Amino acid sequence: MEIPPSGDTPPTRFFETCCRYFRDDPPKGDFPVQKKSPKLCGSNYPLSIAFIVVNEFCERFSYYGMRAVLTLYFLSFFHWDENLSTAVYHAFSALCYFTPVIGAIMADSWLGKYKTIIYLSIVYVVGHLIKSVGAIPSLGNQAVHVILSMVGLFLIALGTGGIKPCVSAFGGDQFEEEHTSERNKFFSIFYLSINAGSLISTFVTPVLRGDVKCFGEDCYALAFGVPAALMVLALVVFIAGSGLYRKTPPQGNVLLEVCKCVGFAIKNRLKNRSRQIPKRDHWLDWASEKYSKQLIGEVKMVTRVLFLFIPLPMFWALFDQQGSRWTLQATKMNADFGIYVLQPDQMQFLNPLLILVFIPIFDLGLYPLINMCKFNFTPIRKMATGMILAGMAFGLAAVVEVKINENDMPRLVPEESLIRVLNLAKNPVQVTIQDQDLFQQPVEAFQNPVEYSKLILNGEEQSLRFTLQHQGLSLDFNYTVKEKSVYSLIVFEAEGSLSSRLITDLEAKPENGLAAVRFINGLSEDVNLTIDNKRFIGVQKNYSASEYSLLERDKYNNGKCITETGEFTLELGLLDFGASYTIVITNVSGDAVKTWKSEDIKANNVHMAWQLPQYLLISAGEVMFSITGLAFSYSQSPASMKSVLQAGWLLTVAVGNTLVLVVAQAAPMAQWAEFVLFTVLLFAVCIIFSIMGYFYVSVDPEDLEEKEEKRETSSRGNMISLVTKKTKL
């Protein structure tokens, strides 16, 4: 979530500096006099800011709403694995934080902020529309869906990143210089619109995805279509206020000047490597042949802060996994909160909600309390504390993941398989399997197996003899068993004797918290089943088994069972998160069929509420790290260079997302181990950052500028004195 700095720098100060995103001082020359915008209700607030605030709310709703469901879209719609889904999600997030540099250059060096917002918003809308169309299942094959989605995401990244440095600055431009207090209040409202859009969208769009069904499955087309409609509305609202805006011309881009200065210094230093050439105090002094001392001095100040930025991407690598790894973790948990069942991607709404709660608590309570204790809680220490909290959050995520894995199916390895016995006969049956030491006790009739037993094979597949002993009779059956498979041996009575079938079970839990169910028809006639008035399953007679069907977690007590003799009620009860069931139709009684339900794979037994501590920690870490980091870096640079630091800050977010992409693709590992890896890496980076911060000497840019001016004045005075003496001689 986007947040302003706090502590020593109030939120409004952040947005004042944001108004100078990637801007230099205005160029010399004459510009048209800007007209005064009409005021809101006789106040000093321009009417134009209403359009800008509404535009920002809709745009943030659009972006965060779309991103909230993105990981599950890759997982369930494209059927990508978790690592690929995570990698593409973070590639998109990284691109969203690389492109603000492009938008700033366009606005400050070419088009101006107004036209940049208009043009890139159009690109943004087109990306959303393409993304929504790509989520329609009936439109082409998977290759078409992937291409449309990737093109749409690229355009969205270009649009959202491109307008990021422009909208807040454009809002600040609407105020006249004497209305500073009104401008500050505007930025507070602007900030609230950002977080309101984020909070509402991360709660609403997962509902549109999961609770609304279209084309027979989760409605991703709607979940992407509503954010697209909000972005269209954002563009329409912004254009509607066109006649009211104060539009400043392009004013030059200080970021480009800094890059040119650094590049020239490096190039000039490499050209003058001879030992005969005198050394200079700082490597940037090699740019003095072309650039002013003031610019070089300011770039020196900036590079000191940018050097501190080097460890920061690791924090963002952890923080942005709320929308990927943590969402995937939530799909394997129990989401029933009693009065409401959360969608796994809805948990992300906790972050913007907690940020809005924590900011006043920290600013008005925690920080003053620490100051009363006479503890020097410097910005560097606050940021390091934020890193520690984020690392602790991932440590908790690893613990939760371990508890989740305890309920998983055993891992399948070569030359091994899993088997269980379902005794559907009327009496106990002793089961013996060739070369296996299993099932020492007879299997009782309709006994729900506690767990699967392991079969050891002598190759990729093996033919095994199954012996059934029942009431003094012994019957042999031969079945071929393949490695890394899961089976159920169905034992039943047929024509006065025992018979059996070996059927294949699921090898892993159903994805996305769905429930899997299959039916065994114990009747002597075929049946047609209707589960939820939409799903129809035909099962042949005499203990034939259907394929598994995936259903949403719910109670299913209004099903229908249609046979040759009539229509009967089918009650399945609760089909829980992540569970797999085998339901045996045993007989007909009255107007209903009698069933027996066996839980093949246990339901998710770790509640989603256990994610709350990790969200609390990482949100508190964000307040201490992000807000304080922005405030500190802005306080350590001259006014003309704050935009360069904003660019550097956004690039740390982009690099952090790139790190997750690399880990997900280059070093796949168990999820709990990956959480531990990121925890250790962040703690290590925190130590490095703390050491760097210990040796960092805080400066006041204004004091440095005054000293530089005095030095230059003194130098000019000495030059005048020398010239005067020479004239006298």
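In case you wondered, yes, glycine gets a Cβ from its N, Cα and C as well.
Unlike curated entries, TrEMBL annotations are predicted automatically.
The following features are taken from TrEMBL:
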- 86-105: transmembrane segment (TRANSMEM)
- 117-137: transmembrane segment (TRANSMEM)
- 143-167: transmembrane segment (TRANSMEM)
- 188-208: transmembrane segment (TRANSMEM)
- 220-245: transmembrane segment (TRANSMEM)
- 301-319: transmembrane segment (TRANSMEM)
- 349-370: transmembrane segment (TRANSMEM)
- 615-635: transmembrane segment (TRANSMEM)
- 647-669: transmembrane segment (TRANSMEM)
- 675-697: transmembrane segment (TRANSMEM)
With contact taken as 3 or more Cβ pairs under 8 angstroms (pairs 6 or more apart in sequence), are the transmembrane segment (615-635) and the transmembrane segment (301-319) in contact? yes
Between 86-105, 117-137, 188-208, 220-245, who has the most Cβ pairs under 8 Å to the transmembrane segment (349-370)? 188-208
Would you confirm whether the transmembrane segment (117-137) and the transmembrane segment (220-245) meet the contact rule of 3 or more C-beta pairs below 8 angstroms, pairs 6 or more apart in sequence? yes
Rank 86-105, 188-208, 301-319 by Cβ pairs under 8 Å to the transmembrane segment (220-245) and hand me the top one. 188-208
Are there residues at least 6 beyond the ends of the transmembrane segment (188-208) whose Cβ is under 8 Å from a Cβ of it, and what are they? 1-4, 11-12, 15, 52-54, 56-62, 64-66, 68-69, 168, 171, 219, 222-223, 226-227, 230, 343-346, 348-349, 351-353, 355-356
